[in-house]
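J.: Below is a structure I'd like to ask you about.
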Amino acid sequence: MGFPAQRPRRLRSTPALRRMVAETEVRPRQLILPMFVREGATDPVPISSMPGVVQHTRDSLRKAATEAVAAGVGGIMLFGVPEHHDATGSGAVDPDGILNVALRDVRAEVGDDAVVMGDLCLDEFTDHGHCGVLDADGRVDNDATLEVYARMGVEQARAGAHMVGPSGMMDGQVGVIREALDEAGFADTGILAYTAKYASAFYGPFREAVNSQLRGDRKTYQQDGANAREALRELALDLDEGADMVMVKPALAYLDVLSRVADVADVPVAAYQISGEYAMIEAAAAQGWLERERTILETLTSIRRAGADVVLTYWASEVAGMIDR
Ligand code: PBG
């Protein structure tokens with residue numbers, strides 16, 4: 001009778017042993033809370049497909065941001081929900097546009113105690129819901145969009161963003177924004193580039209979160225989920241253009257991409273656990289089909305294990321309150 005010489009179970013036998021040898025940790029400082037703020041709102045508006053997440057008023061945003069930072073959350077990513085939309089998304093470059101106003105509010109509230117970021121994209125502001133401006137044939141015009149992104153980046157920096165997060169997947173976006181920031185005197189404002197962003201069904205609930213006007217899809221600019229190598233090309237371009245951090249999005253369905261990007265990136269890597277990932281777990285937990293907190297922590301641990309240094313998650317505040325700093 002041959003007994004096993006190797007017994008991996010030994011290291012799993014007590015909580016203390018398991019804790020001692022755990023390779024991966026999730027820490028509040030590594031979590032970024034995405035938040036929505038709605039122009040003109042007098043009360044927070046619940047997002048039905050994202051139970052527990054709301055479109056904030058300016059006041060409730062300030063309060064929730066302060067609470068998140070007190071819980072130890074590392075950063076806040078802001079999304080604006082404007083009252084009015086137009087063809088060029090002019091609210092995005094308006095210093096009094098809701099996103100810029102909210103950045104100012106939140107920065108005034110949290111100072112340098114957390115990293116304040118703005119989503120740099122036009123889809124929340126356009127009446128057609130695309131991430132850029134359209135040409136005469138109704139196609140998303142890459143280079144015309146870059147000019148708007150450059151102005152948007154400068155306005156966000158002026159409003160107090162520590163970092164801007166270009167998420168529109170236009171070619172050259174990082175370089176153009178970097179140049180505009182530098183020229184306007186914002187050399188210290190960083191860029192968290194949405195580097196590998198896939199055209200995903202998991203964005204579904206986000207459409208409700210920002211009252212999206214989108215008809216059609218984003219497949220001419222966001223990546224095809226069939227492709228991983230392409231993410232490495234996007235990574236090389238973003239690094240060359242000056243990205244300070246890079247992101248893979250969505251997270252759970254793209255952990256292989258995240259892992260490959262993290263293997264070669266020489267900047268910190270973020271992953272975005274997006275609206276559909278949130279909704280899926282909340283819905284199953286509400287049915288009693290999944291243990292809610294265990295599932296949330298398991299997914300966050302997996303995203304970290306795959307190589308993310310930081311994770312954007314709608315559970316950031318709650319999780320920060322659940323775990324040790
Ligand atoms: C674009 C943007 C989107 C998300 C973040 N930035 C929507 C999209 O690309 O369709 C999705 C985030 C989420 O689903 O949680 N501004």
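Placed from the backbone N, Cα and C atoms, the Cβ positions cover glycine too.
Not my notes, these are from TrEMBL:
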- K197: active site, schiff-base intermediate with substrate (ACT_SITE)
- K249: active site, schiff-base intermediate with substrate (ACT_SITE)
- R207, R218: 5-aminolevulinate 1 binding site (BINDING)
- E234: Mg(2+) binding site (BINDING)
- S275, Y314: 5-aminolevulinate 2 binding site (BINDING)
J.: Out of K197, R207, which has the highest number of nearby Cβ atoms, where nearby means within 10 Å of its Cβ, if these are the recorded positions?
T.: K197
J.: Far apart in sequence but close in space: which same-chain residues, 6 or more away, have a Cβ under 8 Å from K249 (active site, schiff-base intermediate with substrate)?
T.: S167, Y194, A196, K197, Y198, S200, A271, Y272, I274
J.: Could you list the residues of the same chain, at least six apart in sequence, whose Cβ is under 8 A from the Cβ of R218 (5-aminolevulinate 1 binding site)?
T.: H130, C131, M169, A199
J.: If we check Cα distances from R207 (5-aminolevulinate 1 binding site), which of the binding-site residues E234, S275, Y314 wins as closest?
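T.: Nearest listed residue in space: S275.
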J.: Of R207, E234, K249, S275, Y314, listed as recorded positions, which ones have a Cβ less than 6 Å away from ligand 1?
T.: S275
J.: Any idea what the Cα distance is from S275 (5-aminolevulinate 2 binding site) over to E234 (Mg(2+) binding site), rounded to a whole Å?
T.: 23
J.: Return the residues near Y314 (5-aminolevulinate 2 binding site), defined as same-chain residues 6+ apart in sequence whose C-beta is under 8 angstroms from its C-beta, sorted by sequence, else 'none'.
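T.: Y314 (5-aminolevulinate 2 binding site) has long-range Cβ partners L33, P34, M50, G52, V53, Q273, S275, Y278.
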J.: Please list, in sequence order, the residues in the chain of E234 (Mg(2+) binding site) that are at least six apart in sequence and whose C-beta is under 8 Å away from its C-beta.
T.: T195, A196, Q223
J.: Tell me, by DSSP, whether R218 (5-aminolevulinate 1 binding site) is helix, strand or coil?
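T.: Assignment for R218 (5-aminolevulinate 1 binding site) reads coil.
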J.: With every protein chain in view, what's the tally of Cβ atoms within 10 Å of the Cβ of S275 (5-aminolevulinate 2 binding site), excluding that atom itself?
T.: 25
